[in-house]
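I have placed the structure first, in the form of structure tokens, so that the comments after it can refer back to it.
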Amino acid sequence: MQARRQDDPERGRGARALAPEREPEAKEREVKVVVVDEPPVPVARLQVPRPLAPLQVTTQAPPPPMSVASGGVEPPPQVATFRPLNQTPPLVAFASLNSRVYTNGITLCVFLVHLAAVGFAVGFFVFRAVKDIVQHPRTRNARSERNLLRLWLPPVEGAVALSIVLAFAWQKAVRAWPRAMVRVILWSSFGITLAVGALLMCFSMPATVGLGVAMVMFSIGTGLYACWVTRRVGFTARVFERAVQPVEKFRGLNGPAYLMVAAGFVWISVWCVAVIGAANYRFPGLTILGLVLSLAWTTEVMRNVANLTVSRVIALYYLRGMQSSVQFSFQRALSFNLGSACLGSLFVPTIEALRILARGLNLLEGEDEFMFSCAHCCLHVMNAIFEFGNNWAFVHIAAYGRGFVQASRSTWGQFERLPGMAALVDSDITSSVCFLTGVTSGALCVALAGSWTFATHKHYTATVSLLVFFVGYLMTRIGMALPHACVGCYYVCFAENPGSRLFDSTIPERLHKMQERHDPLVPTPRFPPQRVGA
């Protein structure tokens, strides 16, 4: 076939040269030659496929058109210019996700200076305690410090270890059974604090009786709160269930919480020895109070570092569909966003306490004119502060690298732009659920350490009980940072992109019921009943 195809054109050209008078046959033969020769060309192309060059690969401008003088046709003027796909506007948004600016630098400097000062003080008091015991074992201070190390420290360390186990047990249970655990946490907090309060009163010492009465009163308030928010429990459970689902997609997302809890355990262990040394130094009351406040701020920063890490990973999954690196997010939380974590650790607990006070006074405002005035004054102060500082800000801090105040305003502004969303998030009880897990763990630590100390040295029972409750609460809150951050991302990212396919109908259905005033939402002081359907 190949020989015949190569001979046919030669015979056609020879026929045209030797027999010009047979022009019709030559033309007919030319036509036949063209028909026979052209089909192999596409066959050869099919046999050796070549990849097409799409627009996003070609970065050079098209070749210049032929001029009219050279025989070409002048094309019409181009209206739109060619732009490759690698220069699309979304790349600008992606670049803003990796901001290299240190947020809230002044607060970061204050925290680092405070950490250095406290580290020096802790080292000094530990050295002083060890020196007294080793060099002057028969002095009164040495005997007191030795008794504290033998009788006071072991129950505290045991309670801290129990709080770590409880922290991750609560977290695991919330992730595994989110619908049931919301009710379990509310009512177990009531029952356990009531039982532990009764146990402390049974010790029959004035200090322990006072602590027991306080815990019983708190348990009664917890029970009333659980009854008050019963109609919100179902929706909160559904949000928990949906919010923790992306956690399984990211391996090692719980790693930062483990690291923070381990660091907290080491720091608290050294801190307890420093308290023993400070108890026999000048101004022991003020010194120990300063160490307690420092411990509270430091552990809150640890919790918010874990919160920022989880928030960045989950937020970028919701907003961009990205599989963000947990290690990279953790490094950002410890460097560029650490100042915002420090500032938020000071603001958010204060704001949450103010919210609890406002809601409590709101229940009593109709009884007395003074209480009515106090409730509204507290409410106005809370409204003024809440825009500039709230716990939703950690999502935008982690995702966009904003400062704490800027992130608070941007997140709350998004809630207010979506009808009904601000009232919905204001009635959220996720923070309360996480708070009550810490209280429950603290009460269980009191039951362990208080009984232990009462059996060995009754004189230390009250101080050990108070300390382990505080430490157990702080350690559990660090462990519960993961589900808390997931719920925050679920609300904030939905408000930013309600049409995303990653969200189901949980929030839209709730907002629809709120607008039609058919939902069981309990109004809050910031959003009275007449404004819920607005």
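Glycine is treated like the rest: Cβ placed from N, Cα and C.
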Any idea which of 55-75, 139-159 is down as region 'Disordered' in TrEMBL?
55-75
Same chain, outside the transmembrane segment (149-170) by at least 6, Cβ under 8 Å from its Cβ: which residues?
129, 133, 181, 185, 261, 265, 268-269, 272-273, 276, 437, 440-442, 444-446, 448-449, 452-453, 456-457, 460, 463-464, 467-468, 471-473, 475-480
Counting only residues 6 or more past its boundaries, what in the same chain has a CB within less than 8 Å of a CB in the transmembrane segment (207-228)?
186-187, 189-191, 193-194, 196-201, 432, 436, 439, 443, 446, 450, 461-463, 465-466, 522
Counting only residues 6+ away from its ends, which parts of the chain sit with a Cβ under 8 Å from the transmembrane segment (433-454)?
151-152, 154-156, 158-160, 162-163, 166-167, 170, 182, 185-186, 188-189, 192-193, 195-196, 199-200, 203, 208, 215, 218, 222, 236, 352, 460-461, 464-465, 468-477, 480, 483-484
